[in-house]
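The structure under discussion appears below in the form of structure tokens.
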Amino acid sequence: MFKEKVGKIILYPVYKFYEKILWNEIKNGPFPQHVGIIPDGNRRWARANNLSINDAYYSGYRKLKQVLLWLLEMGIKNITVFALSTENCDKRSNLELNTIFNYIKAGLEELLYGEIIYKYEVKVRAIGLIYKLPLDLLEVLNQLSKKTENFNKRKLTLAICYGGRQEIIDATKKIIADYEKGKIKLDDINENIFRQYLYDKELEDIDLVIRSSGEIRISNFLLWHIAYSELFFVDTYWPDFRKIDLWRAIRSYQKRKRNFGA
């Protein structure tokens, strides 16, 4: 542990120099309008460092606050975070879920009573099967949503107990219900109409998805909205995610030619 700390101290000037080089490469843009974050690897990080599950989610929670600030400082307008999947919401132990929910609540309270959301005028929304969330968490979430509902400069969307397939199924059910009531005709249904039935009809398509931990998959994340997204996978666990990892993702995005399926 001592050697590791000494190594970090020695390498810190090199890191800051590289950070400056990266920023100079990307600072003139273009920047993605909507960034999706899959913050993966908290538990594996804890195992690798002989730490507890609580330590894992606490460190992941702190990192998310940091990354959110980086994105806002860069001028990113829309940020969506995959906080908890439907699969994990159903399969994780009650103890682990309570730990996750407690940190989500703590994060929302920091946003509600802190300055960052109001400084950048960030609208905060949640999507997913949020009825599965504890009542105290729902209360804070509702307060924050209400407090920021008129902000329109930035948007933070939290996907909690969320699954992309489930969202599409739920949208389809709503369309069928409206069709049976005579509110919609089959010939009227297109992509724009279908979007109106998603959890958040105003949520824009994602330009760049960033996933940590080295896993190369999307894990049922916003399937409708990432049809033409650029994907970037980082070989580091979420608690160790660095600013240079974010900037490398942005640099990769800037170098790609987006053809939107054409």
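Just so you know, glycine gets a Cβ as well, placed from its N, Cα and C.
Taken from Swiss-Prot, the feature active site covers D40, and the record attributes it to sequence analysis. Long-range Cβ neighbours of D40 (active site) (same chain, at least 6 residues apart, Cβ-Cβ under 8 Å): R211, S212, S213, E215, S219, Y237, W238.
Per Swiss-Prot, the feature active site, proton acceptor maps to N88; the stated evidence is sequence analysis. Around the Cβ of N88 (active site, proton acceptor), the number of neighbouring Cβ atoms within 10 Å comes to 16.
According to Swiss-Prot, the Mg(2+) binding site annotation covers D40, E230.
According to Swiss-Prot, the substrate binding site annotation covers G41, N42, R43, R44, W45, S85, T86, E87, R92, R211, R217, I218, S219. Counting every protein chain shown, the number of other Cβ atoms lying within 10 Å of the Cβ of R217 (substrate binding site) is 11.
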- E230 (Mg(2+) binding site): which of the recorded positions R43, W45, T86, N88, R217 is the nearest Cα neighbour? R217
- Query: When the Cα of N88 (active site, proton acceptor) is compared with the Cα of each of the binding-site residues R43, W45, R217, which one is closest?
  - Reply: R43
- Item | Cβ contacts of W45 (substrate binding site) (under 8 Å, same chain, 6 or more positions away) | L51, A56, S59, G60, Y237, W238, P239, D240
